[in-house]
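A.B. asks: Pasting a structure here, questions to come.
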């Protein structure tokens with residue numbers, strides 16, 4: 001299965017009548033492996049900050065997490081594995097695997113729990129595949 005198929009079929013899938021606003025699979029260096037049409041472009045320093053937070057959980061909490069210059073308040077995730085952010089009525093979930101970052105961005109009416117489920121389910125699958 002191609003990386004684009006993972007995004008299209010597993011991240012942008014319908015959940016209780018709703019979809020993520022955008023999603024992507026990135027390398028740890030920020031290289032885009034696959035993305036949805038509306039996925040925002042990360043800046044290199046944003047990826048650096050996200051990767052540092054996986055290595056040093058809590059690093060982003062004081063300043064917030066920036067994605068394409070949009071600021072997200074960092075909320076509880078799983079140290080070293082999942083970062084979650086909130087911005088207005090939407091948010092973001094980032095799951096780190098051995099080689100990739102699985103990213104989902106949502107807006108209402110999709111819920112944080114639905115976004116977490118979609119992103120983390122694919123991320124957990126990739127971890128089991130050694131990716």
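Placement of Cβ uses the backbone N, Cα and C atoms for every residue, glycine included.
These numbers come from a predicted model, not from an experiment.
What Swiss-Prot shows for this protein is this:
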type: DISULFID; residues: 13-115; note: disulfide bond
type: MOD_RES; residues: 111; note: phosphothreonine
type: MOTIF; residues: 81-97; note: motif 'Involved in PIP2 interaction'
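In terms of burial and nearby residues, how do these features look in this structure?
C.D. replies: For residue 115 (disulfide bond), the number of other Cβ atoms no farther than 10 Å from its own Cβ, over all displayed protein chains, is 25.
The number of other Cβ atoms within 10 Å of the Cβ belonging to residue 111 (phosphothreonine), over all protein chains shown, comes to 14.
Same-chain residues lying 6 or more positions outside the motif 'Involved in PIP2 interaction' (81-97) and placing a CB less than 8 Å from one of its CB atoms are 21, 28, 50, 53-54, 60, 64-65, 67, 70-75, 103-108, 112, 115-116, 119-120, 122-124, 126-127, 131.
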A.B. asks: Which chain-mates of residue 13 (disulfide bond) that are at least 6 residues away have a CB under 8 A from its CB, listed by sequence?
C.D. replies: 19, 118
